[in-house]
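Structure record follows, encoded as structure tokens.
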């Protein structure tokens, strides 16, 4: 690539950072960093009706949390918000008007709706019908004067050559082309309130900021021919376009929807639940791209080095919540304890469980956690009531050898002084119980685990027993023996 790589992520401050938008930002970031280019943040805030207070700060904060940095943004550069660039848009709108490539349109929303209703009834795709078609200059002047007298504010439309072919070689999908007659006719580049439309402003911005590549979701494919109309009208070279496939829900097979309740879809949600940012970064990077091979855990540096835009998938990317939870567990298991402890601290404090056992409990459950907030549920045994046993657990306790195992193990535990109730002293008692009862393996460990903790699965049993404390464990064993 000879041209300087410059890519952008251009969110609208209309809400929280969604997984799909985070992927767009991440792929642009990896592409820029891999090629030694620039990653730019631009805020597209011309949709004033949907503008959310603090939306911009939220977007940037969540991108930072994920581990991304950028070279240019509204924080460091002037006029990187579309609302600050209105004079620039007006300059090019005036140019197109002066060159006869755009014009004022006075059709009202009601008239446009009526046109579309007729087209729909006739089975014709909706498109704008030029209101000046067939008018003489005098008729056109009279029409405009009449509309002005009615205080109808015009929009500005750009002229579309319906016979032209708008095509590009897409980085992901290969060659794509649209006929000019299939993009809806002359379209609005400036709204009645004076603000530019998205498809016009984005072209001016990308040209002005010397964007070399536009990498975005394939829901933007239909926007691309409209943007090429503007590039052609202004005599500018278009950037290279790449349209990533959509993200689907792995359980439904349908496009990921904000209404899907089986997935968390906003980065803020993952932060609140105590997921590790590196895990989310890793997971999102593999949604629609893969370096090949079986490896799935990658550092940011590895992803930058391996990223290859030619390996972007042409098939939809499946968002699998269980896979993400598995990946976060891998990161938590292998993270420094101090980092994991800090991650769990707010949840322990909120649950009133940040006591002298907190560090040992986090250490105990670190290998099991899929997110830091799970520490509260995992430690319920130490602070709440004894859990309700499953049918399978009850069957295990009903085994013929269980009473002998539990009573023998209980007797040996009871002999340990409180001061010696440690993992080092508890561990040998299992071997001693096996030797005395002749019971071994699952039939030895499982009844003790169920009786002591109420669960068939969990962290290391000697550590669990030591942290529960002598009094509580003996009480649990007595309860199991007396059933």
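Here the Cβ of each residue, glycine as well, is placed from N, Cα and C on the backbone.
Keep in mind that what you see is a predicted model, and the values were worked out from it rather than measured.
If you look up Swiss-Prot, you'll see 258 marked as ATP binding site, on the strength of sequence analysis. DSSP assigns residue 258 (ATP binding site) to coil, not to a helix or a strand.
Note on the motif ''HIGH' region' (11-21): its mean pLDDT in the predicted model is 90. Feature annotation from Swiss-Prot assigns motif ''HIGH' region' to 11-21; the stated evidence is sequence analysis.
Swiss-Prot lists 255-259 with the feature motif ''KMSKS' region', giving sequence analysis as the kind of evidence.
The residues of the motif ''HIGH' region' (11-21), classed with DSSP into helix (H, G, I), strand (E, B) and coil, number 3 helix, 1 strand, 7 coil.
Tertiary neighbourhood of the motif ''KMSKS' region' (255-259): same-chain residues 18-20, 246-249, 265, 319, selected by CB-CB distance under 8 Å and a gap of 6+ residues from either end. Among residues of the same chain six or more beyond the motif ''HIGH' region' (11-21), those with a C-beta under 8 A of the stretch's C-beta atoms are 41, 43-45, 47, 50-52, 55-56, 58-59, 62-63, 217, 247, 256, 258, 265-268, 284, 287, 319. Within 10 Å of the C-beta of residue 258 (ATP binding site) we count 10 further C-beta atoms, all protein chains included.
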